[in-house]
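K.L.:
So that we are looking at the same thing, I have put the structure below in structure tokens.
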Amino acid sequence: MLELRLVQGSLLKKVLESIKDLVNDANFYCSSTGFSLHAVDSSHVAVVSLLLRSEGFEHYRCDRNLCMGMNLGNMSKMLKCAGNDDIITIKADDGGDTVTFMFESPTQDKIADFEMKLMDIESDHIGLPDAEYHSIVRMPSNEFSRICKDLSTIGDTVAISVTKEEVKFSTAGDIGTANIVLRQNTTVDKPEDAIVIEMKEPVSLSLALRYMNSFTKATPLSDTVTISLSSSSELPVVVEYKVAEMGYIRYYLAPKIEEEEDTNP
Amino acid sequence: MLELRLVQGSLLKKVLESIKDLVNDANFYCSSTGFSLHAVDSSHVAVVSLLLRSEGFEHYRCDRNLCMGMNLGNMSKMLKCAGNDDIITIKADDGGDTVTFMFESPTQDKIADFEMKLMDIESDHIGLPDAEYHSIVRMPSNEFSRICKDLSTIGDTVAISVTKEEVKFSTAGDIGTANIVLRQNTTVDKPEDAIVIEMKEPVSLSLALRYMNSFTKATPLSDTVTISLSSSSELPVVVEYKVAEMGYIRYYLAPKIEEEEDTNP
Amino acid sequence: MLELRLVQGSLLKKVLESIKDLVNDANFYCSSTGFSLHAVDSSHVAVVSLLLRSEGFEHYRCDRNLCMGMNLGNMSKMLKCAGNDDIITIKADDGGDTVTFMFESPTQDKIADFEMKLMDIESDHIGLPDAEYHSIVRMPSNEFSRICKDLSTIGDTVAISVTKEEVKFSTAGDIGTANIVLRQNTTVDKPEDAIVIEMKEPVSLSLALRYMNSFTKATPLSDTVTISLSSSSELPVVVEYKVAEMGYIRYYLAPKIEEEEDTNP
């Protein structure tokens, strides 16, 4: 039997909004460690990985490991029926074919339960490399979201270059070019406004803005976002948002191979 | 001659927004008692009934009973041109073929008059049964609106069951099922937040969510809504919103006959 | 070389939003006097004229007169990427084929530069008559915007009549007629709320609401709008919004010739 009670139910609502546009159907895993998901996006380019640790739940009962296949669109429809202050409990029987989401209003005047059918989903094996990252940038999540959105009005691809003192986001398109430079800044009033660059090696790589914009759907989850980049073009970039103190949502995206335009005869 | 001056003109704006999606053309009646409307919705399933009592107007002159046929879409277009703080006066001549809406800004700097052509509309005879209701539920209008909207994402029909202590709203659809239970609660800080159940007999019946959602367009008119249900499936449910201290808007909807699925061979 | 630094960058953003729906491509002129534009709208009916005087810029360098052809849609896309508190600098080289918009955040943590290709645009010769206006109305810009929008729900043309004490806006359409009267009012708490009429001669003329509604896109630029009317039907109406203390945006529109319906046999 499974019974996971999350007092800050709005977190689960926001998590779903962060995933549902990227992945249609996915398996959620539940073990004594926590509630998690690893899924490839529907176009097989990006990977999303979610962990909500068991300690973050007010009550966490998971008698045996469970894998529950869910349609994320339908799950999102149900979670949208929870109030932002509601307590959400996820319930399932071992071997059952449904999951129940229970929503309790803070005053306990209103109790809702929504039961959803589970699906059989074949899991992709997702091997994420145990990578060493050469540059890690932490910045306000809404600033990152704004930059991705702004650059999308000009081009399709963002080039990210990290040096010791600054990170540069660039794009080019039919109407012109754009460069946005953020300078490292750790002397801010609010720690979440800091722009922190940890650079072992300068990194410069290109990413599809379409996916970056999908990742920024997680912005309401956290005030900051961490972007980890490697100078090896084989390693994916990782964009991570913390989920309160209880876990994270991470997006992985392979860099675009630079087209070497000048070497063609 | 007709001259009805309503200081809180925004009420009339809200009344129109509550009706215009349900009924296209309707007759408004004006007598010494008040300004009223009784109309069947355009699909001939629901009935809407409006009364604004003469005492609620600052000035109320109605020399003889008048029946004025209006297109509610056009009337709504004109009333939308009134500011929310404007005083609205409805004017018509006996036997004339137009009605004039006059809008005065609070400072009297701006005076607008909008003249609309009247229509000849054949009135449906609407016989509303003088019913005894077995259960009456009063609840916050925005909570009722939220429940109807939420359940519509899952199913088409809502089953409402009233017992002494609680009212349950249920639905089912392709993606699953949903139950929302509200408990009677009269010990609240603000009286409009109370959930009050007056039950003579337990009632359980099914209603089309499409219409319930239309009725909730009246939510801005009142903080509370009253739902009256009868255990006889021939009597319509009544959903009532007060219009300030001067009247009401009532929606009538016949329950769906339960399909007896189990008796089929 | 050209380098114009505007501390209140949001003004330039708002200016573009005021023009871009009316004109697709236009030449901006830069001289020691200021930064300006004169363009005919794409349907060749209205004229828009912009002036931002050099004194309004924190830094204004313009080595020689420049004419820069820009696509206003693309320029607006780029300016939308500037934050509302950003400082905007416009840069161009003499004889170059690009213009650069630089956006600096107030904290200087974020510096963006957007480079746009210039276009060759044949300039219309626009002769604006040196007119004497018989009536000038100054009123709150949001009130003017509201009136144009409201009347558009009823008709296509607004008749404006100015007398010593009031200005009347009227329209007629299939669903009825509308008249909105504003009374002169100079005894207001906030000077921008005043309705001021300077009348030498009563004026009455008709204008296409479609254009008037386009002009009101400039409403965010200024709390007040000035409408100048001439009793000669050959002179265009001028609708003017101030751009802070540094300039203006003016729209010119020829009145509609009144159709003399009664003279036809």
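Backbone N, Cα and C define each Cβ position, glycine as well.
TrEMBL annotations: computationally assigned, not manually curated.
The domain 'Proliferating cell nuclear antigen PCNA N-terminal' feature in TrEMBL is assigned to B:1-124. What TrEMBL records for B:127-256 is domain 'Proliferating cell nuclear antigen PCNA C-terminal'.
I would like each feature placed in context: is it buried or exposed, what are its neighbours, and how far apart are things?
P.N.:
The domain 'Proliferating cell nuclear antigen PCNA N-terminal' (B:1-124) scores a mean pLDDT of 95 in the predicted structure.
Mapped onto DSSP helix, strand and coil, the domain 'Proliferating cell nuclear antigen PCNA C-terminal' (B:127-256) counts 28 helix, 61 strand, 41 coil.
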K.L.:
What does the DSSP secondary structure composition of the domain 'Proliferating cell nuclear antigen PCNA N-terminal' (B:1-124) look like, as residue counts for helix, strand and coil?
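P.N.:
Secondary-structure composition of the domain 'Proliferating cell nuclear antigen PCNA N-terminal' (B:1-124): 21 helix, 58 strand, 45 coil.
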